[in-house]
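Student: The structure is given below, and queries will be raised subsequently.
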Amino acid sequence: MDTEREALQCTAYPEVQSFCQRHGLAFEVVDLRWGIPNTQATDYLTTELCLEELERCQKTSIGPAFVALLGDQYGPCPVPRRIEEKEWEALRAQLTSRPRDLELVTRHFQRDDNTIPPTYVLQPSGSLVVPGPEEATLTSVLRGGAQEAWRLGLISQEQWMCYHRSVIEWEIELGLLSSARGDQGATVFLRDVQDLNKHILDDCSLKMVDRLVDGCLDTNAQSLLSGLKGRILDAQPGALKSHHLSWSRDLVNPKNKAHARYLKQLSEQFVARTNHQVLEQLRELELARQELGWLYQEIRHHLWQSTESTKVFCGHQELLAQLRQQLRQDESRTHTPLVLFGPPGIGKTSLMCKLAQQVPELLGHKTVVVLRLLGTSKLSLDARSLLRSLSFQVCLAYGLPLPPAQVLEAHSRVGHFFHTLLHTVSQRNFESLVLLLDSVDDLDSICHSPRVSWLPLKCPPRVHLILSTCSGQQVLHNLQQTLKDPSTYWEVKALSGSQGQEFIQLLLAAEKRMLSPGQRDVLWASLPECGHPGRLRLAFEEARKWASFTVPVPLATTAEEATHQLCIRLEETHGALLVAHVLGYIVSSRYGLSEAELKDVLSLDDEVLQAVYRDWTPPSKELLRFPPLLWVRLRRDLGHCLVRRPVDGCMLLAIAHRQLSQVIQVRYLSGPERAKRHGVLAEFFSGAWSQGIKKLITLPLVGKPLNLDRKVAPQPLWFSSTVANLRKLTELPFHLLHAGRLEELKQEVLGNMSWISCRGISGGIEVLLDDFDMCAPHMNSPEVDLVREAIQLCGPAVELRGLEKSVLYTELLARLLFFAASHPAMIGQLCQQAQSWFRACPYPMLVPLAGFLQPPGGPLRATLTGCHKGITAIAWSLEEKLLVVGTQDGAMVVWDVEEQQVVHVLMGHTAEVKCVRVFAQGTLAISASKDHTLRLWSLLSGQEKVTILDGGSQNPTEPQSWDLHVDERNNVVYSTSGARINMWNLETSKLVFCITGDVSDPWVCVALLAAQGLLLALSKGGQVSLWSSAMGKLQEKHQLSSIKEETPTCAVSIQSRARLVAGFSSGSIALVSAGEDRLLEKLPEAVGFLVVSEDDSLLVAGFGRFVRIFLADSQGFHRFMASDLEHEDMVETAVLGPENNLIITGSRDALIQVWSLSEQGTLLNVLEGVGAPVSLLVRGGTLVVSASRKSSSFKVWDLKSTKKLQSPTPFLDRTGLAAVSHHGSFVYFPKVGDKNKVTIWDLAEGEEQDCLDTSNEVRCLEVAEQAKLLFTGLVSGIVLVFPLNSRQDVLCIPPPEARKAVNCMSLSKSENRLAIAYDNIVLVLDISPGDPCPAIEGPTYTFYTQLPETIVSVAVLADYRVVYGMSDGSLFLYDCACSKVFPLEAHGSRVSCVEVSHSEQLAVSGAEDALLCLWDLQACRGMFEMSYENSCCRGVRCACFSRDDKHVFAGMEDRSVTAWSTVDGTLLAVQFVHAVINRIIPTSNGFMAPTSHGYLIRERFQCPSVRASQQDPLKNFKKAVWLVKTRQREELAAAEASQDAEPVAVEGKESKSNKRSQVCLIL
């Protein structure tokens, strides 16, 4: 059946493989007789291995496990390899009468007394004299003896069958006839050649039937074959697939059309049958699928591994007893985790597994035991996956809510959740929890970080954490740096000599083996007093192969020597080259290789194939593969040296023992060999030689190059639209890197958008970043660094919408387009790939045409989110590089900012944390909370050292100030809360003194003047008090003399001058000291905060939207700059740079502004906070953390960060008034620090081109693109018009009434009408062509709204109709020509924008209630209400129509852009742009919009005429709801019914000609 097998291999197997891959399944064909000579194919060992492989297939395959090709040959009957003693005696008794036959049998078999019971073992034929022709064959002799013994009842029928069954019948019996699955996993393809019996003697049929040695037909074999076919037909008719062929002399000739047709039908039927079986099993699995099936599979895997590890357990009883006692002692107290350590192979794993089995008996049957043998499965390979699976299992075990999706999206949050979960479990005070994590040194990340950030340094009561690791490794050192208590560490020592011998005996007994006394002597002599279980197991692996007649050789005395000895034995048996390459590939792989992958890789290795086919030629002229039998033989001899681990949906083989891996590295992967192994693996996982691509090779017996198909698995990125090739994604970058193929790595992986999106979507952003982190240090490529940072910046958008292609492509394209031209090799190619994907995308999509999102290379270091409420306090531990965060829910979280990981979750406070101070060289922190406790923490151990009940008012509504002052020299802390000052001794936790003030006049601030030994306090009523800081004795009390009738709002101490600077409710700043006070400055508004520099040379005062800087002098402080620093919203906080050359300020509008003090307050940068008011800015070195009370996230900024690659400088508009001209070449906005001027920003150059003086504050801006005019509406009510081609000329439009500020303006689509809106007045003017600039005439019409509310948005049409929206949500259409108003249905809140379509048939209005309304202006009625709500932020900021009026684009309050259909109101696309946009301008194919980040969005909107699935791009959009309501109502009645709201027309059309006098020309 060779032609059939080759046909299936060439055509059927690849098709089934692709089918399985599309369903997320691996497909492996096991045909051990392919590629080897017939003498090996019929070898007794081959038969045994075939049956073993069949059993393995039945255990692992969910679909077909067995396929038989049955023709007209029954095949040879193999001789049993082993015959048990009782059966041997029965056979021998039947042969006593035939001495020659008996002598033949005894010559081939030798007794082995080392088996239990003893057996007779067939000896290899090469060691025997070949029997003469007169002797009966061994097979026939044994058959005769078995026949007689069975007849006499001495052996069973099953034993009799062992001598009469051929290989094919053995396999069909095991694979089909005796299988519990029946025909569900098995198929027999039967080839029936008609009229064959008529041609049985023809030469051409010699190979088609069984024949005897003399060439005669073997009738016995043919009879057995007929019986086998009958059994199959009777027992499993559904599994039998018959193919009837007519006889012909060239039946097996490939050129025979009938035969070719048969082969085609066979292949098609094989594919159909196999695919059907796979689908049937998939349906059953789907019905039985559990929601958390992945978790249950993980748990089962580790339990099975545990059972295997403890099958033979010996020794360590004393250590187990000590561990049990320690667990009992720790049960009711806070304690450190336990760490078991010892050299590799000492028995740590079996000890951990044994302890896991004994824990329930020790701590109670309700104890929850969670065991992980790390590194043995995909979910235990890295800390991120490990914590995820542990959290799920613990939550399930205790009936707690499962981790939410937001937690699982970031490793830092999973770590925080895990820490919190342990405390939650402890507080239940019921069931104990024991976590056992074996081999933490096998975690991917733990070796590379000096701090094990995910590890809880203290376990709460009833929670136990036990780890094991190897001694002498970097991991143990890292653990010792994290867990510093010596009692944490328990050494696992070697067994005693007697225990070592007992261990060997137990291993032999488990295998039903024993040793002869002489062999035992040799074994013990080789292992004098050896108690190392790993070494003992290696010795056992050698000794268990000894038969009683084997003369043993001395074994190696050390584990390393024994490992080398094992390799030598394997090389002698299987060939040095094959062993070196097989083991080299397994060790070189990232996590291991599946058997199918290994066989494919060996089929690509020319050196291996040339060695294999040295003595015979391959069976096929079309394809070349590695003979799988050679691998199975080697795998069998490797035995326990290999371990199977489930990874990426496959069962991978890896080296079980670290010692063996190290020896393989030294022995087989030194020098260039390592790069060669990685190179072949890279070729395989890249798919370079798959899908019919042939590879040249020269085989020894051929002598000429052969170009043959290696038939290896294809390696696409996606097997189907939902199934990614995880194995390729995991392995390829690793092998390209270590093969030194860095350019290929850059082009095909790190610089390939298809790769990036596939890796990100299938594994998540953090897995994608891990790949970049692995490769970047070896590449020295700024481009790679930029792409990595760009991916990291995608985080917020991914959390909002989920990681799907459109999000990732948009995010990266909009960030990397800045660098596409300057770096075309990698970034340019990435951008082109993204653009090509967008062009082919069948869904409505917003496509970036230029960079507009924050580019990589900027100051943002990280955005971190914890599992807690808003952040209320932050402190740095610079020495330990830690950040301590206090939160509203009382949690204290310690972050390693560099690793971006949670180090500790400090649980103790039950209410909001108000204040945190770090001291003792960054090792201790003390916190104050609304729960009126002080808690002292060790930042190294995470342990709470002291709890102090600090007292204070229990009235939650009473306004109080909290503060802490640590005096390290005296080891005391001063806590202030309301009207109480307490001094506590940190060593004894004793109260030293308590100062109680007037409850009705609490202290606003208290300063510790350490140098003077004073406490200085300022009360709400302005009373100054001084006490001795040592004894708390009152020394002075007086009322402020310089400030009257003002309340203190904030204060800061000036330690170098022993003074206090206080801010007051009416803007006063006073300098307060012992015995005196004086007014320092009077600010226009209440002082919100005060900040002083580290050297006391600068003072910062925040008031309203402004910040003022003061410089220290001999008298106190004087103003540093003439102008104040200005925000657009209330300034909340500020911090000074490390050298006083920068100041960073934060405001309620979530913006952070960076100013240069060395350049007199020049604004350097505007940064986006966390989307909530910036309430905290804290600096540590050059890093600044920004946080908010309303967000659980915080951002880390690097002040010294310089741009890695130059990108355009953003324009610094903070007003949201930016206007755009010249098709996006120039941007106009009020000048920073001087709103009486308008900055003209050149986007191409990234610099200010000019500045226009308006003499008054600018309130709004509009650009007439065609007319080239800039309209500036001022707070004075004047509108200045600047011709853009001659900016020295200015037109002035005066206001209708004095001191009325311009609220908004609008131009008609044809730019021939201008509407200017004030609070309740609208002017409509005409714009007509003129020379040198257009003429502005009018106002042609003026009307009043007659409403108390103000106009906030306006739009004008060419026919003098005006649509305007009010502050209360009202919306009106006013026809100036006929002086009529048409009320449109009101919004529920302030109207934020009104826009008219280009045809002026439609209008769209947006409001702060997130509602967009589409209006038919001809019928004056609503068409659609389109609502879009985000759970965090609601509202519409701006909108516009596309040029063809088919779509509406809207800028939303949640920093996203939406696209809607005007035909049916459908939401077509949503794009998160990270920034607020206040204006959208339509372009020919999309829109452009200036952002609050200072970039101009340019996007193309592509909307296929037939939308494939209009909601598909929105399927993952989280936390948002959109709704469309169709409006069906009659046209509105005439406006008489609402005359009270009708505007009053002041000027009519006829007055148009005499209005020019109101416009003056300024030269």
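The backbone N, Cα and C atoms fix where each Cβ goes, and this holds for glycine too.
Got these off Swiss-Prot a minute ago, pasting:
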- 908-947: repeat 'WD 3' (REPEAT)
- 1044-1082: repeat 'WD 6' (REPEAT)
- 1212-1251: repeat 'WD 9' (REPEAT)
- 1253-1292: repeat 'WD 10' (REPEAT)
- 1346-1385: repeat 'WD 11' (REPEAT)
- 1431-1470: repeat 'WD 13' (REPEAT)
- 1534-1563: region 'Disordered' (REGION)
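Let's see these features in context: how buried, what's close, how far.
Tutor: Across the residues of the repeat 'WD 3' (908-947), the predicted structure has a mean pLDDT of 91.
Using DSSP to sort the residues of the repeat 'WD 6' (1044-1082) gives these counts of helix, strand and coil: 3 helix, 26 strand, 10 coil.
Here the repeat 'WD 10' (1253-1292) is broken down by DSSP into helix, strand and coil counts: 0 helix, 22 strand, 18 coil.
DSSP labels the residues of the repeat 'WD 13' (1431-1470) in these numbers: 0 helix, 22 strand, 18 coil.
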Student: Per DSSP, what is the residue count of the repeat 'WD 9' (1212-1251) in each of helix, strand and coil?
Tutor: 3 helix, 23 strand, 14 coil
Student: What does DSSP give as the helix, strand and coil breakdown of the repeat 'WD 3' (908-947)?
Tutor: 0 helix, 23 strand, 17 coil
